[in-house]
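Residues annotated as oxalate binding site in TrEMBL: Asn105, His110, Glu115. Residues or ranges marked as Mn(2+) binding site by TrEMBL: His108, His110, Glu115, His155. Look at TrEMBL and you will find Cys28-Cys45 tagged as disulfide bond. According to TrEMBL, the feature domain 'Cupin type-1' maps to 59-209. Per TrEMBL, signal peptide is recorded for 1-18.
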Amino acid sequence: MKVVIVAILALATTLVSAYDPSPLQDFCVAINNTDSAVFVNGKFCKDPAYVTANDFFFPGLNIPGNTAANKLGSSVNLVNVDKLTGLNTLGISLARLDFAPYGLNPPHIHPRGTELLVVMEGTLLVGFVTSNPNKLFTKVLNKGDVFVFPIGLIHFQFNIGQTNAVAFAGLSSQNPGLITIANAVFGSNPPINTDVLAKAFQLDKNVVDYLQKQF
């Protein structure tokens, strides 16, 4: 598993320079206060004299996520700059994805990062949709298979097997961001006007009201 994760990180770094600015120093460990710090990439840098190995360390990706806590049957543990401060300015992050049987990581986008996913256990149906004319690229992945989701495009992962599935994903940003399509459209705060959604999706307003209540 360690070899696969290292490979994901290595491949993801080839996409870094176009989206996260290249660092001008060895590292910039993020901190949340301004004491003895400089401001880089939206984060303050810890004084290098006080940096330790723990600033570059995050434990626990061997632990399965709680898919029962999510009604879609999936769990994503994203290690980004907010969890691993040593990632600041390095333009990379890592996630563990767990799926119950028929669990779904629903259609979503990462506005600031390309995703490279490898399946460790199980069978996943994955895909992404391009910008206009909205072509779908989809594939069934088995253990050891790798698939890339280009930056900013809607994509999904669905466990089509009868057993649990596990995948790891490298992302080409220290903070790739997440917009889940259904949540954003039907669960925004304040909510989008029902007339807008009814016309956009060609739905009865009562259906829109129902969908908004789900989020």
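Please read every residue number as a count from 1 along the shown chain.
Using N, Cα and C of the backbone, Cβ positions are placed for all residues, glycine too.
Values in this document were obtained by computation on a predicted structure and should not be read as measured data.
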>> Of Cys28, Cys45, His155, which is closest to Asn105 (oxalate binding site) if I measure between C-alpha atoms? They're all recorded positions.
In response: His155
>> With an 8 Å cut-off on Cβ distance to the His108, His110, Glu115, His155 Cβ center, who else from the chain surrounds the Mn(2+) site?
In response: Ile109, Gly113, Phe128, Phe149, Leu153, Ile154, Pro176, Leu178
> Any idea what the Cα distance is from Cys45 (disulfide bond) over to His110 (oxalate binding site), rounded to a whole Å?
Replying inline: 25
> Roughly how many angstrom lie between the C-alpha atoms of His108 (Mn(2+) binding site) and Cys28 (disulfide bond)?
Replying inline: 30
> Roughly where does the domain 'Cupin type-1' (59-209) sit in mean pLDDT, to the nearest integer?
Replying inline: 97
> Here the disulfide-bonded residues are Cys28, Cys45; which one has the lowest number of other Cβ atoms no more than 10 Å from its Cβ?
Replying inline: Cys45
> Taking the Cβ of His155 (Mn(2+) binding site) as the centre, how many other Cβ atoms fall within a 10 Å radius?
Replying inline: 22
>> Counting across all protein chains present, how many other Cβ atoms fall within 10 Å of the Cβ of His108 (Mn(2+) binding site)?
In response: 19
> Relative to the Cβ position of Asn105 (oxalate binding site), how many further Cβ atoms are located within 10 Å?
Replying inline: 26
> How many Å separate the Cα atoms of His155 (Mn(2+) binding site) and His110 (oxalate binding site)?
Replying inline: 9
>> Is it possible to get the count of other C-beta atoms within 10 angstroms of the C-beta of His110 (oxalate binding site)?
In response: 24
